[in-house]
């Protein structure tokens, strides 16, 4: 009685915002099934041309009462993704998880830093990438990805605000349950995720998951220590994002506790 379904909900981003944590925590819910990998269907042309059946075949089998969810953080910043998702299903529900944009930039850098070390490639200090000729390097891709207002504008051309639920990534890490309960309500699902599904792992410094008699933590690549960033550089980033954040708050009718 199961079949592969096109997702009724997509986690569209943002990269380094907590998409993996959100997906794995939602996977606790009996009415949710999740795609195992990032599909990159709507943001990579070479995948999009393979068509909707190719996309469906990458989804898990599900029962009629279950919602299929996939997550690809690259969708949020992709110019093509909003229109393509709308063409597939104009009434789809979207999940967007965001965190303080400066923290997100540093986390983005940290991931690339460790990937380069593991591949034996040269690395640069954070400050040397972010500052060029004494000023903020606003062309740095990690900074561009944190301009939430710029990207959100593209999504709101295709979807109404009530189709996009924003998850506070900073809160999800500190206290997962309230954020997940909001998602349950947004998806019109019965309340099934409970506080007993989480326990705080002192070693890792974040919450891990307990469900079906198993305990699991996010992959070791998550929660890596960030570099200590020069306070002057931090202030430059805070200052640069301030106006963009204010514009974003107005767009979504909600303020966040960001710098």
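Start at 1 and count along the chain as shown; that gives each residue its number.
A Cβ is built for glycine as well, from the same backbone N, Cα and C atoms used for every other residue.
Pulled from TrEMBL, these are the features on record:
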type	residues	note
DOMAIN	7-222	domain 'Sulfotransferase'
BINDING	16, 17, 18, 19, 20, 99, 107, 207, 222, 223, 224, 225, 226	3'-phosphoadenylyl sulfate binding site
ACT_SITE	16	active site, for sulfotransferase activity
DISULFID	208-217	disulfide bond
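The C-beta environment of residue 16 (3'-phosphoadenylyl sulfate binding site), restricted to residues of the same chain at least 6 apart in sequence and closer than 8 Å, consists of 73, 99, 104, 107, 108, 111. Residue pair residue 226 (3'-phosphoadenylyl sulfate binding site) / residue 208 (disulfide bond) shows a Cα separation of 20 Å. Long-range C-beta contacts of residue 208 (disulfide bond), restricted to its own chain and to partners at least six residues apart, with a cutoff below 8 Å, comprise 198, 199, 200, 201, 215, 216, 217, 218. For residue 224 (3'-phosphoadenylyl sulfate binding site), the same-chain residues that are 6 or more apart in sequence and have a Cβ closer than 8 Å to its Cβ are 110, 111, 114. When the binding-site residues 20, 226 are compared by the number of other CB atoms within 10 angstroms of each CB, 226 has the fewest.
A C-beta separation below 8 Å, combined with a sequence spacing of at least six in one chain, links residue 18 (3'-phosphoadenylyl sulfate binding site) to 97, 99, 167, 169, 172, 173. Neighbour counts were taken as the number of other C-beta atoms within 10 angstroms of each residue's C-beta; across the recorded positions 107, 217, the minimum falls on 217.
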